[in-house]
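Sequence annotations record features per position, and here Swiss-Prot assigns FAD binding site to G15, A16, G17, H18, A19, G20 based on sequence analysis. Marked as NAD(+) binding site by Swiss-Prot on the basis of sequence analysis: 276-290.
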Amino acid sequence: MSHNFTESYDIIVIGAGHAGVEASLAASRMGCKVLLATINIEMLAFMPCNPSIGGSAKGIVVREVDALGGEMAKNIDKSYIQMKMLNTGKGPAVRALRAQADKELYSKEMRKTVENQENLTLRQTMINEILVEDGKVIGVKTATHQEYAAKAVIVTTGTALRGEIIIGDLKYSSGPNHSLAAIPLADNLRDLGFEIGRFKTGTPPRVKASSINYDVTEIQPGDEKANHFSYTSRDEDYVKDQVPCWLTYTNAESHEIIQNNLHRAPMFSGIVKGVGPRYCPSIEDKIVRFADKERHQLFLEPEGRDTEEVYVQGLSTSLPEDVQKDLVHSIKGLENAEMMRTGYAIEYDMIMPHQLRATLETKKISGLFTAGQTNGTSGYEEAAGQGIIAGINAALKIQGKQELILKRSDGYIGVMIDDLVTKGTVEPYRLLTSRAEYRLILRHDNADMRLTEMGREIGLVDDERWARFEIKKNQFDNEMKRLESIKLKPVKETNAKVEALGFKPLTDAVTAKEFMRRPEVSYQDVVQFIGPAAEELDEKIIELIETEIKYEGYISKALDQVEKMKRMEEKRIPANIDWDDIDSIATEARQKFKKINPETIGQASRISGVNPADISILMVYLEGKSRSISKNQAK
């Protein structure tokens, strides 16, 4: 078929949400000519649900995006109204930052970045069709019948694919926040032969701030201590006049209202068909599933400095509007609250992620990538993490360079993508610290140490950023060496100091590092014995040093496991393997292998339903094939 291409790009990104902006920025910064197409420019990097960035596991993803050279961390550092470090009373593996965002400012700042980015064109247009020839992407077609050529296309449409909003018995075609739904593109993806799923998510009502009685709620302030998502942000720019959130609860009256109206709840009446998120259920779902709970937490979260809208986190619902009003008014502090927006559920199409490679390129069509909620995930942070990887790999493919695959030991982004492409998902996927087996080495405080070098190699970390990173890394390395080299001896003078600090005296000579392994001994305590470092150390470097030393034994075990898995990941499986040619593997394993087509032995071993015996048989088969090929080549 001949095409009348009016414009030509290296990469076209469809959708300008959190995945789309990261994908387009990464690819354009790598030198590709990129078109970022969106149904509505006003909704670029918009937050249709919660007005926040970060949280458990998610905050670490934001730092990983930043370390690779992405934008989300920098953008939230320019637009937050509250910053808080979570889980400070727990171990370092689960600590993470969370920021309350000024949602309008967040979108505005990101738009400014996108509009000023070299090689990147932003355009409001609806893409109806992805053009494919001989199994390869060649471009797209718009609703206005314009055809644009492209070497790669990245689909980041979020919840817009055949989106439908549901409130009570009302159901209508819509994308997020009542924007247009992408119906022709959804049809096109089906026609291209992709297996499509149907998921659901939801959002709570918004209430007017001046109508809330805050006196009967519990204040939730931000942190006074400076913290940032981006490693480029400075402590002196930390916002001091932060806006608090407030805590309240549902009660017996709230639960009775919901119980009495379950017959009108789309979740239970059969109107909602899509699968909802397990870890962010609607309030009506919570009341049914956790009937023994007397109350549920609700956080009142301001949506910005210049708006009266307050997001009622924990009250996601698609109940009819009249029921929502009664429900809101049953809650302490909201007795007279004005509802500014009604909560709703949204159903949407998504691509079942087992059809993707770990680069986020589809297996079916060369040059077609997908990222974000299109792949079955939930959350802005998960979307951004996939977006930057899709953008990087689309650019690398076009440039004929080696693809980037983040391993599970590299970061939470690697964990998420591996989970999606290896295990698939039957519900909106959310990142949790429990999903990461190497979480002690995937911490919020070492994301830059893990990924900045990758970002530099790809071309997303500039000279200034790299110079700052090298200074930090050198300071860290030098101080660790110093702590390993200086010995504390059990002499009278030293032990007098040790006991004065309230610690048990030394019985043997130990290095400063060994002394610091004691749970009660801090870096600052050790400095009293060995003096300060040659250069003054930033507080965050000290935190990193303490964590690495105090958890060294656990970290060492984790790194040993990583090495074992690395060897399995290096054993590649040929793309043209005939799974029916392998004798003795279990039927379930054969079926899963055919469906997922794992690329490495490591990936094959993580597929549910595949046991160690199947992996052993597969390895014997591959070794036999390899020997056979070697013999034939030797003849």
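Note: Cβ is positioned from N, Cα and C throughout, glycine not excepted.
Secondary structure at G20 (FAD binding site), as computed by DSSP, is helix. Across the structure, V288 (NAD(+) binding site) and H18 (FAD binding site) are spaced 33 Å apart at their Cα atoms.
When Cβ atoms from all protein chains are considered, those within 10 Å of S282 (NAD(+) binding site) total 27, not counting its own. Just so you know, the Cβ of G15 (FAD binding site) picks up 33 other Cβ atoms within 10 Å once every protein chain is counted.
In sequence order, V13, V21, E22, A23, T38, A45, T156, T157, G158, A371, G372, A383, G387 are the same-chain residues whose CB sits within 8 A of the CB centroid of G15, A16, G17, H18, A19, G20, the residues recorded for FAD being left out. Minimal Cβ crowding within 10 Å, among the binding-site residues A19, C280, is found at C280.
K286 (NAD(+) binding site) falls within a helix when secondary structure is assigned with DSSP. Comparing C-alpha positions, H18 (FAD binding site) sits nearest to G276 among the binding-site residues G276, S282, E284, K286, F290. Put simply, R278 is the one of the binding-site residues R278, E284, K286 whose Cα lies nearest to the Cα of A19 (FAD binding site). Local packing around the Cβ, expressed as the count of other Cβ atoms within 10 angstroms, is greatest for A16 among the binding-site residues A16, V288.
Every protein chain considered, the tally of other Cβ atoms within 10 Å of the Cβ of K286 (NAD(+) binding site) stands at 19. Here the candidates are the binding-site residues G15, A16, G17, G20. The one whose C-alpha lies nearest to that of R278 (NAD(+) binding site) is G17. Minimal Cβ crowding within 10 Å, among the binding-site residues G17, G20, is found at G17. A C-beta separation below 8 Å, combined with a sequence spacing of at least six in one chain, links F290 (NAD(+) binding site) to H296. Minimal Cβ crowding within 10 Å, among the binding-site residues H18, R278, is found at R278. Rounded to a whole number, the distance between the Cα atoms of E284 (NAD(+) binding site) and G20 (FAD binding site) is 32 Å. Long-range neighbours of G276 (NAD(+) binding site) (same chain, six or more residues apart, CB within less than 8 Å of its CB): F199, K200, T201, G202, M267, S282, D285, A345, E427, P428.
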